[in-house]
Amino acid sequence: MARTIIAGNWKMNHGPRETREFVAGMKEKYQTPPAVETVICPPFVSISDLVNESPEWLKTGAQNVYFEESGAFTGEVSPKMLAELGVEYVIIGHSERRNIFAESDEEVNKKVRIALKYGIKPIICVGESDAQRNEGKTLEVVENQVKSALSEVVSDTLQNVVFAYEPVWAIGSGKAATGEDAEQVCKHIRSVISELNSSVADDIPVLYGGSVKPENLEEFMDQDNINGALVGGKSLVAETYCQLLEVARRFPGDEG
């Protein structure tokens with residue numbers, strides 16, 4: 001059984017001071033671990049504060065990584081640097097990276113492989129655009145993204161991968177997929193993984209992302225193949241993030 005994860009993607013929000021305030025709010029709410037894998041992915045400048053201030057159960061992620069270990073790559077951050085900071089997760093292939101920064105499937109794959117090399121768990125984002133959805137190509141698009149992301153991934157590291165289904169049309173729009181629609185895609189993601197390695201497919205967390213909030217999280221968590229959520233705006237405030245954790249903890253998964 002896959003573990004339950006609620007991951008927060010802060011995008012370009014919260015500097016060091018706001019990060020420390022968030023952690024203080026989390027520690028005030030939970031004196032003991034909330035029985036859900038909790039991951040926050042802040043901007044690069046706030047990673048050290050999150051690592052240093054957080055209790056052990058509050059995991060730190062990054063929002064991006066470069067696929068080279070070092071060199072003349074102005075503005076980039078290597079997986080070695082992230083690992084040294086204590087980063088445990090990294091979001092790879094988010095639609096904003098793909099669309100705004102023209103990140104290709106090939107680059108996503110390179111980032112996945114080098115993150116795994118350094119022991120960082122990639123949260124691989126896949127999802128269709130509104131046009132692809134209207135053309136009935138959702139499963140085809142997502143399958144191709146999954147296969148490309150996992151190309152040449154060493155089999156004994158596959159269990160460290162996390163997938164997040166984020167329909168592009170739902171991100172930041174206030175429009176979420178239905179639980180049934182998200183389940184159909186997440187089930188397909190798991191079946192594609194099973195074709196590559198059936199022994200780990202059931203243990204890989206598959207998350208839903210796209211206008212997730214405390215009021216609709218239960219609809220997604222109630223599905224057989226959804227193990228949590230990748231959350232944007234509703235993860236910025238400790239109180240709201242804790243509300244998400246309270247919903248998620250009612251759906252037990254593997255404790256990891």
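From the backbone N, Cα and C atoms, a Cβ is placed for every residue, glycine too.
For W10 (substrate binding site), the Cβ neighbour count at a 10 Å cut-off comes to 22, with all displayed protein chains included. In the three-state DSSP scheme, W10 (substrate binding site) falls into the coil class. Here Swiss-Prot flags N9, W10, K11, G172, S211, G232, G233 as substrate binding site.
Applying an 8 A CB threshold to same-chain residues 6+ apart, the list for H94 (active site, electrophile) reads N9, Q63, N64, C125, E166. Under the heading active site, electrophile, Swiss-Prot lists H94, citing sequence analysis as support.
DSSP assigns E166 (active site, proton acceptor) to coil in the three-state reduction, placing it in neither a helix nor a strand. A simple way to gauge crowding: the CB of E166 (active site, proton acceptor) has 29 other CB atoms within 10 angstroms, across all the protein chains here. Annotated active site, proton acceptor per Swiss-Prot: E166, in sequence order, evidence recorded as sequence analysis.
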Those residues of the chain, 6+ apart, with a Cβ under 8 Å from that of G232 (substrate binding site): G8, N9, K11, I171, G172, G209, V212
Position of peak Cβ density within 10 Å, selected from the binding-site residues G172, G233: G233
